[in-house]
Ligand SMILES: CCCCCCCCCCCCCCCC(=O)SCCNC(=O)CCNC(=O)[C@H](O)C(C)(C)COP(=O)(O)OP(=O)(O)OC[C@H]1O[C@@H](n2cnc3c(N)ncnc32)[C@H](O)[C@@H]1OP(=O)(O)O
Ligand SMILES: Cc1cc2nc3c(=O)[nH]c(=O)nc-3n(C[C@H](O)[C@H](O)[C@H](O)COP(=O)(O)OP(=O)(O)OC[C@H]3O[C@@H](n4cnc5c(N)ncnc54)[C@H](O)[C@@H]3O)c2cc1C
């Protein structure tokens, strides 16, 4: 008997049968949009220049063969993944000038996503933290040398702070840097096993330098954690004597990045290798403290701000995938019928599906847009600090960057998981891109400051403000002005169609204020009978809740404010509904806080719920176009389910063809 045709032959037969232009369901969705896509995209990306740059970068990457993937990266083992990412990374960097990517917040992450994807790479920390550390912490007169060397990749660096034994608690780091005034050197040493550096990205194989955080000792005194520029490997890339270094093995995600470990044995570096912009050790060992104790943590603040934008884009991309897929599932065999006899519906028509998708889509917009103005705030603050003029803004920036980082990374990770589930079985396949997105995003909940630890930093700031308000002499940062407003007795929220932005903001501010003062009162009461730190620990769950609510209020206010700037009326109408959906969904999720003390009546709560259902129905016809407004190309999305043309099934077959198990 003649043998069956190979899986490959069969696959091509199906492919020819199915693939024929865009999926008609998705085309119909696009045709039904109530707004002009280009106008909306210009609003989302602030202006058409940014949109145009996205397109230019995409075309540049697509036209360069060195960025092609001969084998889909999902089918590679870890060595092959690292090899692929490293090759692509070098090509990416070699072409930086040609495509002129200079914008760190928008263009650089896009360029990286298009060329490499979400696996990170050997230079992630070099660009993500080493260069920013040099920028933030090197004296002006000395910056050119190291910066040029790092920028030109003559040296490749990482940021080595976390140790086996301590990550969050920086004051207890154990690596030491002891100044030897006789040789004018620092001796870097790992005194215990738990002092070994653990986690720095790119350390395992790639970096030959590191910005190392170590406890400074000079003239026999401990001066706390400080940063040092340390060479780790020689020109042949072998570890230098006194340095032991390696890879820490596979992780949940980011596996093309060689996160590493690092141990020092009385390793000597010149005095000038201490980053001395803010604090100094003179040749004789005299220590000069910084103008603000926490200036040494400045690079982390900058990277937390970078992360917010980067992470939000992941949620946007996940929403694009799930919405497009929901519009095409099932064009041939539909899941069920809403009205018997009228045929089956797209899964996007199920109210439960809309409830899974659209609040996540709404959530993806405010955070990304906020970041753009945070970018300028951070530049402003950095300038003030560089001029040694104004340290007053530092606590505000620290609180805001920590809070946004904690709330957004959590919401992004949760949102991606919810969107993955909404795609049923196919969401579980790596072809969907959800597993890689989730693994990438959820890392952000931990690195650059564990989220709970970050929320507790925000809470410190809020408790300080509450104390000032209670003392009647507050000096309020802009982000905290509402905390001094008079108490509000009842909520103003009403039907989503009639309630104003001011009503929504009023209620969010009132509830957050109550939460902050209730926590403050509990804390001060406990402090009467407990040590301060014990009282803080006893209140820490409430402290986190108050911090989260403060950040959410900030996001709601800014989303509504941003929508008001939209010049195109049709886009503004849809975005306004999306902003209200975002706010109502938060109220619904945090109902306990809103209903406490009868602030929000049961009737109002019911209006909130009903409002959500009505807004889902109102947004439904625009959902695919709203997903398109993220202007994410297929190359950036890297998802079989989220393809722009909606031809999911042939693409899934094609993807599965590449599995090594199908090769023989
Ligand atoms: C190509 C481009 C791609 C772009 C795409 C982006 C992605 C790019 C990929 C990155 C890939 C992964 C990169 C991971 C890289 C790491 O993970 S590096 C390691 C990061 N580690 C951390 O973040 C550790 C977290 N821990 C901390 O930050 C600090 O220890 C803590 C938690 C803030 C506490 O600090 P502490 O000094 O022990 O605490 P304490 O003495 O209690 O002092 C607190 C006081 O200091 C203040 N304070 C603390 N920190 C600060 C600060 N930073 N500023 C100002 N004040 C501060 C507080 O406000 C507080 O003030 P008061 O209330 O007393 O007035
Ligand atoms: C993918 C990835 C990449 C990384 N890259 C780098 C890098 O390049 N360079 C680098 O130096 N580090 C890096 N890290 C390490 C990262 O910065 C730390 O893991 C992070 O700061 C948390 O520290 P930890 O792991 O010690 O957690 P811990 O601090 O041990 O936290 C464990 C638990 O204890 C809780 N906890 C800790 N302190 C408190 C507190 N005061 N109050 C209440 N709860 C508390 C936390 O909330 C958490 O639940 C990376 C980590 C990951 C996952």
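Even glycines carry a Cβ here, placed using N, Cα and C.
Note: TrEMBL annotation is automatic and uncurated.
According to TrEMBL, the protein has these features:
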- 448: active site, proton acceptor (ACT_SITE)
- 162, 201: FAD binding site (BINDING)
- 39-137: domain 'Acyl-coenzyme A oxidase N-terminal' (DOMAIN)
- 159-265: domain 'Acyl-CoA oxidase/dehydrogenase middle' (DOMAIN)
- 297-463: domain 'Acyl-CoA oxidase C-alpha1' (DOMAIN)
- 502-663: domain 'Acyl-CoA oxidase C-terminal' (DOMAIN)
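All features noted in TrEMBL, drawn onto the structure.
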{"residue": "162", "record": "FAD binding site", "CB count, 10 Å": "18"}
{"residue": "201", "record": "FAD binding site", "CB count, 10 Å": "26"}
{"residue": "448", "record": "active site, proton acceptor", "CB count, 10 Å": "23"}
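Helix, strand and coil counts from DSSP across the domain 'Acyl-CoA oxidase/dehydrogenase middle' (159-265) read 6 helix, 48 strand, 53 coil. Distance from the CA of the residue listed as 'active site, proton acceptor' to the CA of residue 201 (FAD binding site) is 12 Å. It is 10 Å from the Cα atom of residue 162 (FAD binding site) to that of residue 448 (active site, proton acceptor).
Summarised by DSSP class, the composition of the domain 'Acyl-coenzyme A oxidase N-terminal' (39-137) is 71 helix, 0 strand, 28 coil.
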